[in-house]
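Copied over from TrEMBL, here are the features:
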- A:11-104: domain 'Autophagy protein ATG5 UblA' (DOMAIN)
- A:119-174: domain 'Autophagy protein ATG5 alpha-helical bundle region' (DOMAIN)
- A:184-227: domain 'Autophagy protein ATG5 UblB' (DOMAIN)
Amino acid sequence: MTDDKDVLRDVWFGRIPTCFTLYQDEITEREAEPYYLLLPRVSYLTLVTDKVKKHFQKVMRQEDISEIWFEYEGTPLKWHYPIGLLFDLLASSSALPWNITVHFKSFPEKDLLHCPSKDVIEAHFMSCVKEADALKHKSQVINEMQKKDHKQLWMGLQNDRFDQFWAINRKLMEYPAEENGFRYIPFRIYQTTTERPFIQKLFRPVATDGQLHTLGDLLKEVCPSAVAPEGNRPGF
Amino acid sequence: MEVDILLKAVGDTPIMKTKKWAVERTRTIQGLIDFIKKFLKLVASEQLFIYVNQSFAPSPDQEVGTLYECFGSDGKLVLHYCKSQAWG
């Protein structure tokens, strides 16, 4: 993992320049200026937009404000999906900045989960980490950690502290010397071309003949439509 | 397409009379929560948590079919349900 330090840092510090604009039908007492923010790809919308909320609430009356939610070109943005995933899935082919519309009314119950507090984000995040470790280590590593280690993982994400986060996460990324990798690779494949939320299956990092599986092997097995036959450009 | 699930109560949560269910693959955890709450005659405002492997609570929009594929054993997916947070 130490060889990958540069890659880990690049992934962690990835940012998306975003412009937040208040939905035109929201009732304001004066004009609402757009708000610009660099969003961390690895975080969650409701975790990093307190300033956005405060900015727009300044020009609104209390009674016109309920739970904040975000939308891009008519699509409600699922706050429980990582920001980078939302951008790559919906807006990566558009020019920057990413233009997100902010709403305080008419929460789309069918499309979005509620996010009443930061505790809900923490619970969701920790559940994802636990699910991943169930696949990687039969939950042994995450369960052996103390409550304070779990908390450090969350605080590292919440406060954008790479070292604090990775001090704990590196343990979740290790495997015994005698093994060639995790038990199963925790992965999810998202596509805009399908109704299903994502593809998630059991996939071992090593083939039966001992060869290490590549990303291409994974895609060929679980998402063959995304992989072109030899010599052609991949179809999306 | 359906998968078999086995529901287990945690703590003092009421026990379902019928524990084994065949559920559509695309049914979500939230759908399952609503069903169990109705079956146990719980009030809408009461919370219900569902756990896989007695270790994590899947997102409400997660599909049962995916959970079965990744965490099922002996032809079924075991899910623990609880009125309070059992495993964090």
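Glycine is no exception: its Cβ is also placed from the backbone N, Cα and C atoms.
Curation plays no part in TrEMBL annotations; they are all automatic predictions.
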Could you break down the residues of the domain 'Autophagy protein ATG5 UblA' (A:11-104) into DSSP helix, strand and coil, giving a count for each? 25 helix, 26 strand, 43 coil
The correct DSSP tally for the domain 'Autophagy protein ATG5 alpha-helical bundle region' (A:119-174) reads 47 helix, 0 strand, 9 coil
On average, what pLDDT score does this prediction assign to the domain 'Autophagy protein ATG5 alpha-helical bundle region' (A:119-174)? 97
Secondary structure split (DSSP) over the domain 'Autophagy protein ATG5 UblB' (A:184-227) reads 11 helix, 4 strand, 29 coil
